[in-house]
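The following features are taken from Swiss-Prot:
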type	residues	note
DOMAIN	23-188	domain 'FAD-binding PCMH-type'
ACT_SITE	168	active site
ACT_SITE	217	active site, proton donor
ACT_SITE	287	active site
């Protein structure tokens with residue numbers, strides 16, 4: 001395989017399991033960490049959209065299937081995590097910046113509206129992509145625009161309106177890598193902001209299995225319902241397939257209890273979908289992304 005000439009690092013047959021919160025999954029055929037945006041653009045231009053591309057963030061809301069990922073898996077590293085101010089007073093944040101890091105930066109700098117990010121695992125890029133939200137706020141409420149690059153190597157900008165935010169999603173082109181996000185700045189009081197962040201952390205600790213190997217919310221909430229309530233009603237609290245189980249603490253969280261496979265987790269989620277539909281007539285939609293190839297040792301649907 002002839003790979004584009006880059007300044008960054010390639011790794012072949014790279015184990016992705018240790019990068020995910022679930023600690024499951026196969027290897028990346030090729031793993032690439034670009035040095036900067038220009039290095040990424042050079043790779044994409046040289047690639048000419050020949051090799052399949054998968055982007056990878058913090059690994060917090062994802063199941064990588066046991067057969068791994070074909071083509072090139074791109075992970076943006078520390079060089080894409082800067083936080084700064086624009087000339088017009090907005091915040092500009094690299095897409096690999098952790099949500100928690102941005103929340104803490106805003107608290108220290110007395111910027112309000114970002115408190116909810118302390119309760120959302122993952123990166124800014126992933127948060128924008130899925131319009132992540134919690135405690136009454138979503139990314140669409142604070143975002144001005146994004147800077148991105150398409151798989152052909154063209155730099156592009158999208159405003160909040162052009163992104164087309166919807167519940168846990170957007171209408172952006174699929175062949176896009178988010179590089180930076182620009183946010184509104186509203187001044188607040190650091191002590192008040194910290195108090196709200198502490199409230200959110202306390203609520204998470206008491207209601208979510210945050211110390212377990214989990215991937216966050218498994219299913220998006222159907223309109224007018226809470227997924228966890230539907231799962232609980234179907235009698236699935238604590239239900240287990242192999243080493244994968246539904247959390248006893250919060251039914252919309254799956255847990256790897258030690259040696260679960262990606263297949264066991266995905267099979268568990270699909271089983272929950274089926275049983276909730278049989279019980280309530282409501283189809284739950286996955287919020288966790290499932291990517292990669294199914295292992296030849298077993299088939300997984302969905």
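Note: Cβ is positioned from N, Cα and C throughout, glycine not excepted.
Taking the features listed in Swiss-Prot, we show where each one sits on the structure.
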residue : record                    : DSSP (3 states)
168     : active site               : coil
217     : active site, proton donor : strand
287     : active site               : coil
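Across the structure, residue 168 (active site) and residue 287 (active site) are spaced 7 Å apart at their Cα atoms. If you count neighbouring Cβ atoms within 10 Å for each of the active-site residues 168, 217, 287, the highest count belongs to 217.
In this model, the domain 'FAD-binding PCMH-type' (23-188) carries an average pLDDT of 97.
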